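Participant: Swiss-Prot lists 74, 77, 79, 81, 83 with the feature Ca(2+) 1 binding site. The substrate binding site annotation in Swiss-Prot covers 170. Under the heading heme b binding site, Swiss-Prot lists 200, citing sequence analysis as support. As annotated by Swiss-Prot, N-linked glycosylation site applies to 34, 44, 103, 161, 166, 178, 218, 228, 242, 298, with the evidence given as sequence analysis. What Swiss-Prot lists as site 'Transition state stabilizer' is 69.
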């Protein structure tokens with residue numbers, strides 16, 4: 001991965017103000033999260049997470065997008081409680097089996113490596129749900145994006161919610177209205193839809209996530225008319241009709257491994273890879289269009305909005321206090337063993353918007 005040094009555009013005043021504002025928006029449970037939660041019990045937690053991801057990036061350039069996607073998929077189902085990380089057991093149906101996650105989510109091995117390192121340094125202290133939040137921030141800043149103060153203190157859930165994963169996660173094939181409704185259902189707004197979609201500024205997508213646009217869009221017998229003709233030709237070569245759909249390409253064509261605002265300038269030239277990406281700009285009259293234009297012309301504005309949206313998303317229904325537990329192994333509830341051996345799954349797309357209807 002072409003990692004650049006992080007050049008945060010959010011000054012200290014902005015971050016401090018943002019933490020105060022967001023904490024006040026999400027009630028008592030979220031207000032219990034704070035930036036210094038581990039200062040006395042595991043002061044090097046953030047550094048350990050960052051170091052482990054730096055090592056992972058040496059062999060896997062797309063791991064940053066994958067880790068953010070895990071955090072997104074976790075928070076949208078049952079709140080940010082680490083439930084996505086749980087394997088099948090005799091009493092738990094894993095969220096990994098949902099169409100939006102199966103053959104799609106990846107990076108579990110890196111989460112396990114982070115957990116092992118943290119357990120070695122400070123046993124039984126840092127939750128798996130906090131690992132996902134810290135890993136997301138580290139992934140963004142290591143790719144040249146903004147850095148922010150992560151609010152901590154989440155505890156891990158005791159069960160998974162497969163039916164919730166089946167119904168709550170957005171799909172790259174969905175229309176903008178449906179996707180926005182799913183964001184609103186967890187307390188997010190239109191600006192959050194656009195800013196969090198901006199995480200597609202790095203990562204990869206597999207043919208199956210966008211081949212619906214290449215030959216027979218919405219049953220018309222023609223390609224998606226909002227897809228740039230030059231991009232269309234190259235994608236048709238990568239993903240031929242009736243092919244295996246296993247080809248992989250960059251979500252951001254211009255700077256695929258850097259966290260920047262080029263994702264939005266790509267949308268302005270009809271170079272969004274996924275249907276759900278391009279609809280943010282091509283859906284005439286949508287409230288998302290001026291937001292895309294603003295982020296395309298002002299990277300600082302995008303970075304600030306992205307930080308705010310990540311903090312808001314990380315505050316979705318966390319378990320705090322004595323609720324839940326601190327898992328010893330992110331794959332299983334304490335005292336249980338998994339029914340399946342956890343492992344990485346073949347990537348289909350990185351970033352917040354999920355793969356559904358596989």
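The chain as shown is numbered from 1 upward.
A Cβ is built for glycine as well, from the same backbone N, Cα and C atoms used for every other residue.
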Participant: Quick check for the class: what is the C-alpha distance, in angstrom and rounded, between residue 298 (N-linked glycosylation site) and residue 83 (Ca(2+) 1 binding site)?
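Facilitator: Residue 83 (Ca(2+) 1 binding site) has its Cα 36 Å from the Cα of residue 298 (N-linked glycosylation site).
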Participant: In whole Å, note down how far the CA of residue 77 (Ca(2+) 1 binding site) lies from the CA of residue 166 (N-linked glycosylation site).
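Facilitator: So the Cα of residue 77 (Ca(2+) 1 binding site) lies 9 Å away from that of residue 166 (N-linked glycosylation site).
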Participant: Find the one among the recorded positions 34, 44, 178, 200, 218 whose C-alpha lies closest to that of residue 83 (Ca(2+) 1 binding site).
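Facilitator: It is 34, whose Cα lies nearest.
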Participant: Enumerate same-chain residues with a sequence separation of six or more from residue 74 (Ca(2+) 1 binding site) and a Cβ-Cβ distance below 8 A; give 'none' if the list is empty.
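Facilitator: Long-range Cβ contacts: 80, 81, 82, 83, 84, 85, 129, 132.
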Participant: Given the recorded positions 44, 79, 103, 178, 228, which one's Cα is the least distant from that of the residue listed as 'substrate binding site'?
Facilitator: 178
Participant: When you average the Cβ positions of 74, 77, 79, 81, 83 for the Ca(2+) 1 site, which other residues in that chain have a Cβ within 8 Å of that mean position?
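Facilitator: Along the chain, the qualifying residues are 75, 76, 78, 80, 82, 84, 95, 129, 157, 161, 317.
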Participant: For residue 34 (N-linked glycosylation site), which residues of its chain lie six or more apart in sequence with Cβ-Cβ distance below 8 Å?
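Facilitator: 151, 152, 153 - these are the non-local Cβ neighbours of residue 34 (N-linked glycosylation site), listed in sequence order.
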Participant: Just to verify a number: CA distance, residue 69 (site 'Transition state stabilizer') to residue 218 (N-linked glycosylation site), in angstrom, no decimals.
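Facilitator: Rounded to the nearest whole number, the Cα-Cα distance is 27 Å.
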Participant: Suppose we draw a 10 Å sphere around the Cβ of residue 298 (N-linked glycosylation site). How many other Cβ atoms does it contain, all chains included?
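Facilitator: Result for residue 298 (N-linked glycosylation site): 15 other Cβ atoms within 10 Å.
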